[in-house]
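J.: Next up is a structure, given as structure tokens.
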Amino acid sequence: MLENGSGGRFAQGAAAGMAAVAAGTAIIHTGLYDDDAAALFSLLVVLCSAWLAIAGIWSSDHRRLEVDDSEHDQLTSAVWFSLFGLALCSLSQLAMSQSLDRAAVAEACIRWLGVIGLAGLLLYDLQRRKTTRTISITRISVLVTSGVLIGPVTIAGWFGMLPSPLSDGFLLAESDIRVASMGVRLSGFLQYPNAQGIFAAAMLLLLLAVGPARSAHPLMKLAAVSLPAPLLLTLLLAESRGAGLACIAGFAAGCLLLRGRRLAQWLASAGWASVCAALACRIALAPPAALRLAALLGCFAASAIGLAALRSRLLAEGAARPGRAIAASAMLLAAGLAALALLPPQQLYARLGAHYETAASRASLYQEALRLWREAPLLGRGGDTWRQLAGPRFGIYEVHSGYLDILLNHGLLGLSLVLLMLGALLTAIWRTGEQRLLLAPMLAMLLHAAIDFDMSYGSWWLLLFAIAGYGINAQAAQADSRSVLQAS
């Protein structure tokens, strides 16, 4: 008998292909920020996840499902309990007089059902076998596709190399240096520089984390050496202060989680990527020249070769002592930070003076949001609460905080369910051992969501669950491999 049924292999292959197409489609269509597109995508994801689950159950050999997955099952139970609770909150609001717009409430329910479908696709293994468990190509497809689109393809758009339908809204032109110090900011496919920045930061931290892992898939290892410099360049071109601070916070968290040569590799990789990205930024901002694109490609190639060499050297047997390796890596990181600091001052520092104005504006939004929440504290008012009650008065139709948006729409109950779900994901990653470093990109995403409307993008949830699912599944694959070796 074959170890895997043909139906199971077909389901896994179909899931991988669908994941790549879904991730690419989601990002290209403004990250599924549009409600109509997000609703349609959500319904498709729900139907496809249900179909794949049925295919996996039909093809699985239940005698192989004896592996102890109690922690994995507790995770999925907590996540699905929270998400189904949010969908039920939306449905209950349809019958309540507090609902402002029944259509908006229905759309919110459909979007939460779509998030449930994503959780099913990216957190649950269709093929849970007793003897071995491979890292699902589904998560890898989502992550690599996202990294390529947010990094190199977005840079191609900066140079005007994308066709018109895709490049619409790609750049934010603004003469006020407090908004765009260079006169233009990179908005990318998401059509919002801050969203482009945090997606790039999360992918950068993810690839720095998974590259040296022994259990990493070859495709992830390739992405981990080739994409960090392009991703950091797009973060710089987006000029997002919040995304930059979130990236720094995630990187600092990674430093606290690592020891020895892994810490040295983390520092050195970030330093070398910073050096190459700073050089690439100078090239990208230079006046048009025939060799500019070639120079940029050469810079990225140098980054990839350097990252591969650093990881091979620092993690090899007989490498330098951890103390010396950390000291040398810290010096390389300092060189990378110096390279970023030596960028033309108007490009790096011009917008810092506007930080306090932005903070004051956000504070007024948050005060108004809390005032509106007190009017319906437990269950909220349904979908689009801020947009309908405060948007016309402020001229700003997003509250610029994902958590406050959930508080307005679904009340304290809804926010509690979201925090329960996020806590379950973080706890699961914390327990994975070697994959614990994936907390860095997740923390960056969750921190930035507190000061901007990242959660309004469907692709934000797609990326979050893909990162969590990758870490959990990689740890399970390692555990199963060790058990097989011990048994033999």
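A Cβ is built for glycine as well, from the same backbone N, Cα and C atoms used for every other residue.
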J.: State the residue range annotated as transmembrane segment by TrEMBL; the candidates are 12-32, 348-368, 432-452.
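T.: From TrEMBL, the annotated transmembrane segment range turns out to be 12-32.
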J.: Cβ under 8 Å to the transmembrane segment (136-161), counting only same-chain residues 6 or more beyond its ends: which ones?
T.: 12, 15-17, 19-20, 22-24, 27-28, 121-122, 125, 167, 170-171, 186, 188-189, 196, 199-200, 203, 206-207, 217, 219-220, 223, 227, 230-231, 233-234, 237, 284, 293, 296, 300, 459, 462-463, 466-467, 469-470, 473
J.: Looking only at the domain 'O-antigen ligase-related' (293-418), report the model's average pLDDT.
T.: 85
J.: Most CB pairs under 8 Å with the transmembrane segment (266-285): which of 78-97, 243-259, 322-343, 459-477?
T.: 322-343
J.: Can you see whether the transmembrane segment (78-97) and the transmembrane segment (322-343) are touching - at least 3 CB pairs under 8 angstroms, only pairs 6 or more apart in sequence?
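T.: Stretch pair does not touch.
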J.: Which sequence positions outside the transmembrane segment (243-259), separated from its termini by at least 6 residues, show Cβ-Cβ distances below 8 Å to it?
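T.: Tertiary neighbours of the transmembrane segment (243-259) are 194, 197-198, 200-202, 204-205, 208-209, 235, 266-267, 270, 322, 436-437, 439-441, 443-445, 447-448.
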